[in-house]
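Taken straight from Swiss-Prot:
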BINDING   Gly36, Gly37, His38, Asp55, Phe82, Asp97, Gln104  S-adenosyl-L-methionine binding site
Amino acid sequence: MPPFSHVPVLADAVLDAARRIPRPDGLLIDATLGGGGHSALLLEQHPGLRLIGLDQDATARAAAAERLASFGDRVSIVATNFADYVPPEPAVMVLADLGVSSPQLDVAERGFSFRLDGPLDMRMNAGGEGETAAELIDRLEENELADLIYGYGEERLSRRIARRIKADLKDRGSYDGTAALAYAVAGCYPPKSRRGRIHPATRTFQALRIAVNDELGVLDRLLQQAPDWLEPDGLLGIISFHSLEDRRVKTAFLRDERLQRITRKPVVATEQEEEANPRTRSAKWRVAQRLAAA
């Protein structure tokens, strides 16, 4: 398995926002620690900060522990999903990067990739509890699968794709892996549409991953809980990667009486960052501040 070397996206925007933290010696909660890239930069920028990093992925935690080892006892790593967490004290900043990390996408065994053949898994807690993507598509009726692909993937060909998937399952019993599913989805597109920058299976795989991990439900719980994790004037910053997430973040920051928006519009990657790391092209960064009187 290749090393967990995730490149933090929108790093300059995150560091710029962190200049607003109410005090330099407070607690930073990285709710999606990953390889620790964002946290390492923030700890370097603010030598008095302490970090609690949350991640349910054992590979990510191990990589983060190695990357953050030089910060010693300023760092604590917790094996948990951020939706289940209660912090020991108020934080000056809560950060969440909602994207699937490059190492997760690039390891076939995780089952996230439509470019690399692997088992149809897609669980963030690899090998843990919960339904796999293969089990999900086998369980759902055709119309339910179509609704899921449309609702979570915003896929206009969802009916055709669901019909093809269920027909394949009837004929073969199950898919051999991610490559077979990706091939089936691509076959639902006209030939001209298969040669674009975005792979035809992108939206379907996104929908399955969101459903398997209850990503939107988990995000809703974070948006409800995280403001209470903050001390007055503390920051809540979230990086989202698709419109379903970004709409939720935008709406929460607008309506939550505990928060005041810092970013009126989302910060996106520069052309230079997109060229260096193409996965940043859909990233959006929004920041809000905890109101002192809320």
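Just so it is clear, glycine is given a Cβ too, placed from its N, Cα and C backbone atoms.
Under the DSSP three-state reduction, Gly37 (S-adenosyl-L-methionine binding site) is assigned to helix. Within its own chain, Gly36 (S-adenosyl-L-methionine binding site) has Asp30, Gly53, Ala63, Ala64, Ala65, Arg67, Leu68 as residues 6 or more apart in sequence whose C-beta sits under 8 angstroms from its own. A C-beta separation below 8 Å, combined with a sequence spacing of at least six in one chain, links His38 (S-adenosyl-L-methionine binding site) to Pro8, Ala11, Val14, Asp30, Leu95, Asp97.
The Cβ of Asp97 (S-adenosyl-L-methionine binding site) has 25 other Cβ atoms within 10 Å, all protein chains considered. Most Cβ neighbours within 10 Å among the binding-site residues Gly37, Asp55, Phe82: this distinction goes to Asp55.
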